[in-house]
Amino acid sequence: MLGIGCYFVLMAFVGSMGSKRVKTLEDYLLAGRSLPIYLAVPTVVATWFGAGSVMGVTGTVYSEGFYGVLADPFGCAFALLIGGLFFAAPFRRMRLLTISDLLHKVYGGAFERVSTIVVLPFYVGTLASQMLAMGYIFQIVSGSGFEFGVVIGALIVVLYTVSGGMWAVTLTDFIQLSLLSIGLIVIVPICLNRVPDHTVVFDNVLQEFGNVFPQDPSSSFSWLAYGGRLFLTGLGGIMGQDLLQRFLASKSEKVARNSGILGAVCYVFLGLIPLFIGIAGREIYPVLEKPEHLIPLLAKEFFSPLLFTLFACGLFSAIMSTADSYLLAGTSLVTHNIVLKVWPVQEERKKIIVMRFVNVGIALVALMLAFSGQSIFILMVHSGATLFVAIFVPVSAALFWKGANAASAWMAMISGVLGWAGFILLSESTGGVSEDLLFAASAFGALLSLGAYILTSCLKAAGKRIEQFEHLFPSGTDYPVPIFLADE
């Protein structure tokens with residue numbers, strides 16, 4: 001406990017060091033747009049490599065196999081790669097503060113604010129999942145109450161994020177990812193030493209790679225669920241303010257692009273380790289009541305006290321690095337795109353004060369959600385569905401298509417959210433909710449969103465063509481056009 005306490009003090013100290021660089025809102029949100037590649041890559045990886053990627057993925061692999069973790073690490077690595085190749089440079093070039101700034105620029109202020117509210121559950125839900133994991137680890141390490149661990153961990157994250165913003169988050173991410181990487185690499189040979197036959201583990205790993213395809217290739221639902229598993233994070237994750245913030249904070253377009261590409265490579269390497277541990281854990285603990293506790297249980301049983309303390313710090317690092325990212329991302333959106341639009345503030349110092357109050361408020365909401373006791377992995381993954389079904393299509397169109405328009409964006413967001421929610425509610429009333437159903441619903445919502453954007457754009461284009469021939473119609477003829485198709 002003393003070692004973990006010292007680690008918490010170190011994180012708070014690093015956060016206070018970062019606060020000395022914060023003079024403006026841009027410093028607080030984007031570290032002055034000055035991150036070099038050696039800081040940009042670790043903070044990109046650490047943003048997503050948290051409780052879900054370590055404890056949640058390991059537990060899911062233990063009970064379900066590789067198919068259950070298509071969203072993370074495979075989908076997340078895909079998102080970093082695609083984000084780096086196609087999205088990072090355009091985002092950085094536009095010198096935005098948040099992703100909602102782009103939506104405001106292309107689609108207007110109303111769409112900016114509504115879309116911000118729609119995606120906010122993603123940041124609060126993921127933050128809650130990290131708090132949940134902090135409670136689990138604190139309980140295993142110290143024997144203290146779960147609730148106490150959640151509160152203490154959340155308090156430390158809030159303290160250094162509130163004080164130093166993006167600078168504090170980036171500096172702590174660098175330390176946290178280093179500790180976690182060392183801990184994961186060390187635990188692999190220990191796992192192997194506890195397994196009587198090493199070949200069984202390697203054979204099972206190879207066999208699991210063959211199970212990452214649709215479970216029933218003849219079923220359209222199976223393909224829909226498969227697409228949701230892969231692209232919910234693989235495409236939807238690119239729209240996250242947490243990732244975009246790293247691209248925007250990079251000191252150049254080249255650094256932003258390379259941070260995504262190199263981050264994808266690092267994520268695959270680190271992400272495969274929990275998968276391996278999950279398979280090995282089946283041989284070490286044939287019956288495990290709470291698979292999510294596999295990694296801390298292994299460390300507690302087989303590590304020396306000193307090594308276990310270091311590893312526990314590594315686990316806390318994974319969680320805190322993700323928690324601070326989502327806390328700052330949610331704070332950025334709520335403050336910059338809602339609060340400061342309703343209550344304009346001119347002084348940079350006052351803007352930072354407002355942002356710090358919002359920071360604490362979001363943390364409190366996430367804390368209440370964490371105490372609801374949801375699964376870490378489920379809470380993390382499915383809270384991100386709104387990014388995929390609501391704003392992936394509008395944002396992509398705004399970046400890459402000159403014909404992007406507000407009517408199409410509204411129809412895409414509304415259709416995507418209603419399709420996603422309706423799919424879940426209808427299926428729940430007929431046969432209950434399963435994990436495959438939730439993933440299938442996200443894919444269905446995203447397809448509806450894309451279809452609505454294309455259809456509305458085509459109707460608007462057709463309406464403009466009709467206007468070109470109005471002189472052919474008798475004078476006074478009135479052909480009403482729906483208001484959402486009218487030109488802005």
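Every residue gets a Cβ built from N, Cα and C, even glycine.
Here TrEMBL flags 37-62 (among others) as transmembrane segment.
Under the heading transmembrane segment, TrEMBL lists 74-94 (among others).
With a threshold of 8 Å between CB atoms, the same-chain residues lying at least 6 positions outside the transmembrane segment (114-138) that come near it are 50-52, 55-56, 100, 103, 144, 146-150, 152-154, 157, 239-242, 292-293, 296, 312, 315-316, 319-320, 322-323, 326-327, 329-330, 333-334, 337-338, 362-363, 365-367, 369-370, 372-374, 376-377, 379-380, 382-387, 390-391, 394, 413, 417. Under the heading transmembrane segment, TrEMBL lists 114-138 (among others).
Within the same chain, residues 8, 11-12, 14-19, 21-22, 27-32, 130-132, 134-139, 245, 249, 316, 319-320, 323-324, 327-328, 331, 352, 355-356, 359-360, 363, 366-367, 370-371 sit at least 6 positions outside the transmembrane segment (145-168) and bring their C-beta atoms closer than 8 Å to a C-beta of that stretch. Look at TrEMBL and you will find 145-168 (among others) tagged as transmembrane segment.
According to TrEMBL, the transmembrane segment annotation covers 174-192 (among others).
Counting residues 6+ beyond its ends, the transmembrane segment (223-240) has Cβ neighbours under 8 Å at 48, 67, 70-72, 74-76, 78-79, 82-83, 87, 99, 119, 122, 213-214, 217, 329, 381, 384-385, 387-389, 391-392, 395, 436-444, 446 in the same chain. Annotation source TrEMBL lists transmembrane segment at 223-240 (among others).
For 260-281 (among others), the entry in TrEMBL reads transmembrane segment.
As annotated by TrEMBL, transmembrane segment applies to 302-320 (among others).
The transmembrane segment feature in TrEMBL is assigned to 352-371 (among others).
Taken from TrEMBL, the feature transmembrane segment applies to 377-401 (among others).
Annotation source TrEMBL lists transmembrane segment at 408-426 (among others).
Only residues 6 or more beyond the boundaries of the transmembrane segment (438-456), in the same chain, are considered here, and those with a CB under 8 A from a CB of the stretch are 71, 221, 224-229, 231-232, 235-236, 382, 385, 388-390, 392-394, 397, 405, 407-409, 411-421, 423-424, 427, 484-485. As annotated by TrEMBL, transmembrane segment applies to 438-456 (among others).
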> Taking the transmembrane segment (37-62) as the reference, which of 74-94, 174-192, 260-281, 352-371, 408-426 gives the largest number of Cβ pairs under 8 angstroms?
Replying inline: 260-281
> Residues of the same chain, at least six outside the transmembrane segment (174-192), with any C-beta under 8 angstroms of its C-beta?
Replying inline: 10-11, 14, 39, 42-43, 45-46, 49, 54, 198, 201, 270, 273-274, 276-277, 280-281, 284, 295, 298-299, 302-303, 307, 310-311, 313-315, 317-318, 320-321
